[in-house]
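Trainee: This structure is in structure tokens; I'll ask about it shortly.
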Amino acid sequence: MAVSKVYARSVYDSRGNPTVEVELTTEKGVFRSIVPSGASTGVHEALEMRDEDKSKWMGKGVMNAVNNVNNVIAAAFVKANLDVKDQKAVDDFLLSLDGTANKSKLGANAILGVSMAAARAAAAEKNVPLYQHLADLSKSKTSPYVLPVPFLNVLNGGSHAGGALALQEFMIAPTGAKTFAEAMRIGSEVYHNLKSLTKKRYGASAGNVGDEGGVAPNIQTAEEALDLIVDAIKAAGHDGKVKIGLDCASSEFFKDGKYDLDFKNPESDKSKWLTGVELADMYHSLMKRYPIVSIEDPFAEDDWEAWSHFFKTAGIQIVADDLTVTNPARIATAIEKKAADALLLKVNQIGTLSESIKAAQDSFAANWGVMVSHRSGETEDTFIADLVVGLRTGQIKTGAPARSERLAKLNQLLRIEEELGDKAVYAGENFHHGDKL
């Protein structure tokens with residue numbers, strides 16, 4: 001079915017920063033998508049185009065990307081008369097219009113908006129839910145469909161918070177639930193208990209939440225944070241049903257070849273900085289004491305040696321985010337160096353749906369897991385909820401069970417589970433290999 005109109009506008013994300021919304025019109029209606037935005041902009045990522053005009057939006061405007069959709073992509077896209085059901089053709093067309101390796105001519109935020117809107121239009125044309133269309137595109141098995149374990153970011157440290165705590169995200173994963181709906185209830189109950197305990201121990205303002213909905217108390221060490229979470233799990237009555245995931249974001253505290261766990265202190269003691277081996281030992285001691293099942297970015301993005309050393313003995317899921325930035329060449333290197341065994345998939349890091357699907361397929365082929373992820377600057381768009389079901393990855397990271405831009409995805413997964421009924425299973429303990437269920 002032909003596309004009669006492509007139109008973009010600037011809207012706002014959950015941090016109050018501009019982002020790109022694209023509308024694509026066919027005979028079936030108007031199909032919309034909003035692009036998320038990350039705080040990180042790694043050198044190996046597709047380029048998120050910002051206007052850099054400091055007199056407006058602190059330089060973060062997206063009018064250039066919006067104009068690229070309206071003045072460059074729109075007319076060419078309509079004229080090309082593409083079949084929106086052929087996502088590869090749509091994305092190849094967008095890539096050829098851009099012509100750069102990192103999408104810097106048109107902007108990954110312009111290209112991705114069109115790519116996602118096209119997928120929504122295609123699902124409508126086929127009269128199927130978006131997740132089913134995405135399963136068709138990725139040639140995923142659909143009997144049964146797999147609902148993911150939500151890795152809920154309930155406590156923040158690192159650059160996302162005050163306090164000395166170096167590690168960035170502490171997540172709870174209700175793997176012991178029987179359904180996604182039960183997982184959400186467990187997650188919600190643990191979250192509320194965590195907020196109460198945090199206020200009790202650190203004062204009322206410690207219950208305030210960060211960009212992704214997690215609490216950010218003035219905590220000094222990882223042990224202190226983990227004790228708080230374990231106490232909240234017990235207080236909620238869900239001991240044994242809830243595991244823990246970490247996102248260390250350790251590129252943030254990598255200095256001169258070592259890791260500074262006191263990086264927020266300008267006077268930090270250099271004699272206490274850790275080598276990669278010493279940091280690995282610290283992770284091992286945490287894994288012995290706490291029910292940790294997944295660690296993301298345990299080392300800096302180019303410290304390959306430390307990644308490979310740790311992976312040999314970790315025995316739990318090791319997720320590559322900064323290491324791979326959803327970039328096929330980086331993923332291939334990580335697979336070859338045996339540095340990790342799971343990919344964090346962020347569609348806007350690579351910039352088209354087809355490339356995102358391929359990144360997941362390459363990872364599955366290497367026996368890796370795939371965790372679909374939001375970004376810190378999110379919107380009400382729920383695309384990744386359908387994507388995680390369509391790709392059958394078994395795990396999603398989309399913030400805390402709080403803040404509407406996070407709940408939008410989690411609520412969409414509740415709807416999908418309800419709609420699928422007995423045609424779906426919850427990944428539970430098998431989150432690492434949802435693709436094999």
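Every residue, even glycine, has its Cβ placed from backbone N, Cα and C.
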Trainee: Out of ASP239, ASP247, ASP381, which one does Swiss-Prot list together with GLU296, ASP321 for Mg(2+)?
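Mentor: Same Mg(2+) site in Swiss-Prot: ASP247.
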Trainee: If Swiss-Prot marks one of THR25, THR221, THR324, THR393 as phosphothreonine, which residue does it mark?
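Mentor: With Swiss-Prot as the source, phosphothreonine is noted for THR324.
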Trainee: Can you tell which of THR179, THR275, THR313, THR333 Swiss-Prot marks as phosphothreonine?
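Mentor: THR313, according to Swiss-Prot.
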Trainee: Which residue from LYS60, LYS178, LYS423 is recorded in Swiss-Prot as ubiquitin cross-link?
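Mentor: When Swiss-Prot is consulted, ubiquitin cross-link appears for LYS60.
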Trainee: Where does the phosphoserine label fall among SER33, SER40, SER138, SER196, going by Swiss-Prot?
Mentor: SER138
Trainee: Excluding near sequence neighbours, so keeping only residues 6 or more apart in the same chain, what lies with its CB under 8 A of SER188 (phosphoserine)?
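Mentor: Counting only residues 6 or more apart in sequence, the Cβ neighbours of SER188 (phosphoserine) under 8 Å are PRO401.
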Trainee: Through the lens of DSSP with three states only, how would you label LYS60 (ubiquitin cross-link)?
Mentor: coil
Trainee: Sort the recorded positions SER138, LYS243, ASP247, ASP321, LYS358 by C-alpha distance from HIS160 (active site) and give me just the closest.
Mentor: ASP247
Trainee: Are there any residues at least 6 positions away along the chain from THR324 (phosphothreonine) with a Cβ closer than 8 Å to its Cβ? List them or say none.
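Mentor: Listed in sequence order, they are ARG330, ILE331, ALA334, ALA340, LEU343, LEU344.
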Trainee: Among LYS60, SER138, LYS243, THR313, LYS358, these being the recorded positions, pick the one whose CA is nearest to that of ASP321 (Mg(2+) binding site).
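Mentor: Among LYS60, SER138, LYS243, THR313, LYS358, LYS358.
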Trainee: Among the recorded positions HIS160, LYS243, LYS358, which residue has its Cβ surrounded by the fewest other Cβ atoms within 10 Å?
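Mentor: Comparing Cβ neighbour counts within 10 Å for the recorded positions HIS160, LYS243, LYS358 gives LYS358.
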